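The annotation repeat 'TPR' is assigned in TrEMBL to 27-60, 69-102, 111-144, 153-186, 195-228, 237-270, 279-312, 363-396, 405-438, 447-480, 489-522.
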Amino acid sequence: MNEIDKAKEIYENLQKTTPIDSFNDLALCYHQLGCIYRLKCNFDDALSNLQKAVEIMQKSRSHDHPDLATPYDNIALVHRSAGRNSEALLYYEKSLELMQNSLEVPYQYLTGTHCNIAATYQALGQYSKALSYYQMALEITQKSLPTNHPDLGTLYNNMASVHYLSAEYSKALSFYEKSINIMQKSLPSNHPQLGSTFVNIGTVHQSMGEYSKALVYYEKAVEIYEKSSTFDHPDTATLFENISMVYDSTGDYAKALSYCERALEIKQKCLLPNHPDLGNSYSKLASLYRSMGQYKKALFYYEKTLEIRQLCHSPDHLSLADTYEGIAVLHYSMGQYVDSLINYQKAMETYRKIFPSDHAKLASVYHGMALALYSVGQYSTAQSSYQKALEIQKKFLPSNHPHVATTYCNIALLHRSLGEYSKALFYYDKSLEIRQKCFAADHPDLAATYNGIAQVYRSMEEYCNALSYFQKTLEIQQKCLPSDHPALAFTYYGLGTVYYAMKDNSTALCFYQKALEIFTNCFPSNHAHTVTTYGNIALAHESMGEYMKAASYYEMVLEGKRTSLSDNHPLLAKDYNKIGSMHFLVEDYGEALSYYEMTFEILVKALPSGYPLLAIPYRNIADVYRAMRQYSCSLSYYKKVLDSIQTVPSFYFPWQLTVRKNVIEMSEKLNQYDDTVN
């Protein structure tokens with residue numbers, strides 16, 4: 001039994017044994033039970049007990065007594081925890097009204113309720129109202145306290161957080177600096193509150209893509225925590241997790257993993273094995289391993305996360321929904337789009353039980369589902385999901401918020417896939433406009449937008465424009481990312497595809513090799529990005545007539561795919577066929593025949609008898625036998641080609657005429673051979 005359950009048992013026993021006319025004691029029992037149920041995320045029972053506390057208190061007090069402000073505050077907090085922020089506001093306003101009508105309420109209570117109302121407006125995305133209430137709280141506090149009191153520092157911290165959420169990063173930094181100035185004057189140099197403010201400043205710089213500055217502030221926080229008694233505290237672990245995220249963003253996965261593991265060690269020392277915070281650490285490790293392309297380890301840690309959260313929480317708890325969403329993202333990264341959608345659906349069902357239908361959490365799920373739906377070709381459904389995400393974001397976020405820009409980018413990607421290039425450019429321009437306002441000119445998110453625009457121009461075959469935008473992408477990435485960051489690899493890969501399309505195969509190869517070097521350092525050899533790059537290098541060598549080099553890279557493609565597919569999976573047929581073609585072109589007919597036969601064996605198991613696609617391996621095998629002058633075998637396979645495509649319109653297989661000519665040629669050669677024998 002954990003501490004919360006013990007407290008619940010104590011108050012339940014007290015409630016049963018307290019006389020019904022002991023109003024204060026009985027109200028206290030119900031009040032505390034309500035608070036306990038809130039901690040357990042049992043919001044209905046929490047509200048029921050808190051309402052009983054109010055009813056009992058009203059028997060011994062007037063309905064406008066300031067003592068009622070406390071249970072009203074806690075009822076509001078339950079509604080906030082359940083995502084019902086509008087209902088929370090009603091109770092906070094009741095509480096505030098009671099306090100304002102009383103002359104005996106300490107300023108701290110007034111300030112606290114103003115801050116709670118501000119935080120609720122903040123959760124609703126109404127940032128101007130949030131700032132207004134924080135300003136009122138600030139004015140009350142300034143009248144009651146000296147200018148360097150730590151409480152003022154806390155208020156500046158809160159105001160900074162609103163500006164941060166509004167993507168007003170320079171204003172956020174300004175308020176955090178005010179907070180730091182007060183705290184440095186009024187608190188010991190190793191006070192944890194100073195540390196947490198440095199963490200907040202680091203987070204702003206991290207969001208601005210200023211990773212080196214973020215690390216400077218995180219290191220200041222580390223120094224403070226090292227000097228205080230809180231170094232082995234979960235707060236230090238959270239700081240290490242933040243540092244880990246910076247290194248994750250810069251592609252320095254070794255350091256990211258080191259800090260993430262240090263965070264886990266701290267939590268394992270000071271928390272029970274099934275503590276929810278341990279689940280949070282496992283979740284962050286899972287996310288990091290996903291970034292590293294180590295999907296089995298990522299799945300292992302997500303399963304540990306899920307196990308802890310299922311033990312600690314009810315089935316419709318928020319943290320379980322977050323876990324399902326994380327697993328959905330992982331399956332998406334693995335290319336397992338159906339599994340991704342299943343887990344997004346689980347997350348969505350849970351979020352809908354907890355939050356209203358337009359809650360910001362749901363925007364994230366709609367966004368993820370849209371990506372997965374897009375990947376399985378359900379473009380119209382994906383577009384609908386993006387629009388739902390965008391509608392929610394516009395309710396809760398400023399129109400120029402970076403999250404809105406990300407959604408515009410993904411809608412642009414969808415239109416590009418549909419061949420709607422003007423629409424794609426329109427949405428990329430909207431994204432670019434927001435990001436140019438929010439970020440410095442060398443921010444990674446700007447590079448991502450330029451990259452998207454480059455890909456549209458490549459699809460439009462406007463290769464000069466494509467190269468221009470890929471170069472813009474590269475210039476930013478080379479400034480703000482380490483030379484082995486995966487984002488650079490994607491840009492090198494994009495440049496390679498443009499040069500390949502322009503028939504400049506040697507330059508294309510140069511960029512493909514740069515991409516491959518990074519991919520092989522960051523990801524396993526069977527990772528999709530690595531395998532795709534092998535395939536493109538093979539195509540470039542093939543175009544240059546370097547058929548054996550091409551064959552060696554097609555072999556790497558095959559090996560990469562075979563680690564995740566069964567030996568006779570239909571997707572392998574194309575690779576066997578390609579390798580066979582390379583051997584055929586260098587007149588290595590024995591090897592060519594071997595690979596073509598493997599292609600045939602896979603397809604004949606996967607396809608219905610007589611399926612037209614079988615014409616391809618039949619024709620290739622026939623061509624090999626023809627080149628080897630085994631005319632009888634060649635004729636047999638050419639006839640199989642014609643049999644398999646006789647009901648198919650000729651434009652599907654434009655080489656039908658060539659096959660018919662080859663049938664005649666083989667027949668003539670066999671007749672000539674027979675005449676010679678006779």
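Even glycines carry a Cβ here, placed using N, Cα and C.
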Considering the repeat 'TPR' (405-438), which listed stretch of 111-144, 153-186, 195-228, 447-480, 489-522 counts the most C-beta pairs under 8 Å: 447-480
Leading stretch by Cβ pairs under 8 Å, where the reference is the repeat 'TPR' (237-270) and the options are 69-102, 153-186, 279-312: 279-312
Remote residues contacting the repeat 'TPR' (153-186) - C-beta distance under 8 A, at least 6 residues beyond either end: 111, 115, 118-119, 122, 127, 130-131, 134-135, 137-138, 141, 147, 193-194, 197-198, 200-201, 203-204, 207-208, 398, 400-402, 438
Sequence-remote partners of the repeat 'TPR' (363-396) [C-beta within less than 8 Å, at least six residues beyond its ends]: 124-125, 325, 328-329, 332, 335, 337-338, 340-341, 344-345, 347-348, 351, 403-404, 406-408, 410-411, 413-414, 417-418
Distal contacts, the repeat 'TPR' (27-60) - CB-CB under 8 A, six or more residues away: 4, 7-8, 11-12, 14-15, 18, 67-68, 70-72, 74-75, 77-79, 81-82, 313-314, 317-318
Contact set, same chain, for the repeat 'TPR' (69-102): CB under 8 Å, 6 or more residues outside the stretch: 27, 31, 34-35, 38, 41, 43, 46-47, 50-51, 53-54, 57, 109-110, 112-114, 116-117, 119-121, 123-124, 354-356, 359, 361
